[in-house]
């Protein structure tokens, strides 16, 4: 893809998301969502491969369906309540329809089945954009409409997302599908407390984006898209594989890594809200997710060569990736735990 066209598409992605951030009217938010969707489609289809074309078509159909449901919900609310303001959605049917549409856009369960299939057809860089940047605009709308949403609906979406994603990722061998299920599971943790503590949700989303960037950039450095390929990468770059091992454990939420802090604060908030049962259920689903993260670590670190392998070794190509960005997000994904309490204290102070 030519640099000029790539620059235009990236600027369009930024413009669409920013427009949604700044919108108070549903029409402007819809325009921002559509700009972001149309800008990422050429990036998804840039490699002329049947799998990439299939992933692009699936993504377009899902996003179009979700946008249609969202517009119907906002039109219904405007008809019943005489208002197009995002924060003034009051009609119960409109609230449920808008939540359904945004859940489809984000890939929340039970509307998450498209996400692993689409991710499988993309290259790692486009998959990174889909897993991080494309979540921001729908999430901004979700935060704005979360207060009138029935609490049981958010709790059900959160627990279902963590449970379905944990079970879905158990038997996967494709790394992009595993990271797609990881995305759905993490969003489930955020959704369950979005009504009680929006500031915590934003901090947790920022930490998730940092960890996901570290995971994708590390995979790009080793050119790994399958577990079998990952298991032969140790001989090429042992330090990178150790880093990947730690990033995966951070995604799993193990202390003392950065990924432990959002899960800890989510459980603390659920306890404050007397939601002991949802907290227990979401912790049990996290244990299932921990299995496939540890499974990845086992194949990347513990099953080392010169053990016998049936995998064809790839040629060692010199990576042209920006090492500064990789080092920055990796360090942030691993060692930010001590300063998270200070960030949360600042949030409570300004609130």
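Yeah, the Cβs are placed from backbone N, Cα and C, and that goes for glycine too.
Just so you know, TrEMBL annotations are computer predictions that nobody has curated.
Residues or ranges marked as domain 'NADH:quinone oxidoreductase/Mrp antiporter transmembrane' in TrEMBL: 23-289.
Positions annotated as transmembrane segment by TrEMBL: 59-80 (among others). Outside the transmembrane segment (59-80) by six or more residues, the chain places 26, 30, 33-34, 37, 40-41, 44, 89-91, 93-95, 97-98, 100-102, 104-105, 114, 118, 130 with a CB less than 8 A from a CB of the stretch.
As annotated by TrEMBL, transmembrane segment applies to 92-115 (among others). Counting same-chain residues at least six beyond the ends of the transmembrane segment (92-115), those with a Cβ under 8 angstroms from any Cβ of the stretch are 33, 58-59, 62-63, 65-67, 69-70, 72-74, 76-77, 80, 135, 138-139, 141-142, 145, 148-150, 153, 157, 160-161, 163-165, 168, 180, 183-184, 187-188, 191.
As annotated by TrEMBL, transmembrane segment applies to 152-171 (among others).
Per TrEMBL, the feature transmembrane segment maps to 178-194 (among others). Cβ atoms under 8 Å from those of the transmembrane segment (178-194) belong to residues 106-109, 112, 115-116, 118-120, 127, 131, 135, 139, 142-143, 146, 154-155, 157-166, 168-169, 172, 200-201, 204-205, 208, 212, 215-216, 251, 262-263, 266, 269-270, 278, 282, 285-286, 289, 292, 296 of the same chain, restricted to positions at least 6 beyond its ends.
Annotation comment: TrEMBL describes 200-219 (among others) as transmembrane segment. Packing against the transmembrane segment (200-219) from elsewhere in the chain are residues 124-125, 127-128, 131-132, 135, 139, 143, 175, 179, 182-183, 186, 189-190, 193-194, 225, 230, 240, 243-244, 247-248, 250-251, 258-259, 261-262, 265-266, 269, 321, 325-326, 329-330, 332-334, 336, 340, 343-344, 347: each is 6 or more residues past its ends and has a CB under 8 Å from a CB in it.
Annotation source TrEMBL lists transmembrane segment at 239-257 (among others).
Per TrEMBL, the feature transmembrane segment maps to 277-305 (among others). Below 8 angstroms of C-beta separation, residues 155, 158-159, 162-163, 165-167, 169-170, 172, 175, 178, 181-182, 185, 188-189, 192, 227-228, 230-235, 241-242, 244-245, 248-249, 251-254, 263, 266-267, 270-271 of the same chain, each at least six residues beyond the ends of the transmembrane segment (277-305), sit close to that stretch.
Over the domain 'NADH dehydrogenase subunit 2 C-terminal' (290-343) the predicted model carries a mean pLDDT of 71. Sequence annotations record features per position, and here TrEMBL assigns domain 'NADH dehydrogenase subunit 2 C-terminal' to 290-343.
The transmembrane segment feature in TrEMBL is assigned to 326-350 (among others).
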Close approaches to the transmembrane segment (326-350) from elsewhere in its chain (Cβ under 8 angstroms; 6 or more beyond its ends): 199-200, 203, 207, 210-211, 213-215, 217-218, 221, 243, 246-247, 250, 255-261, 265
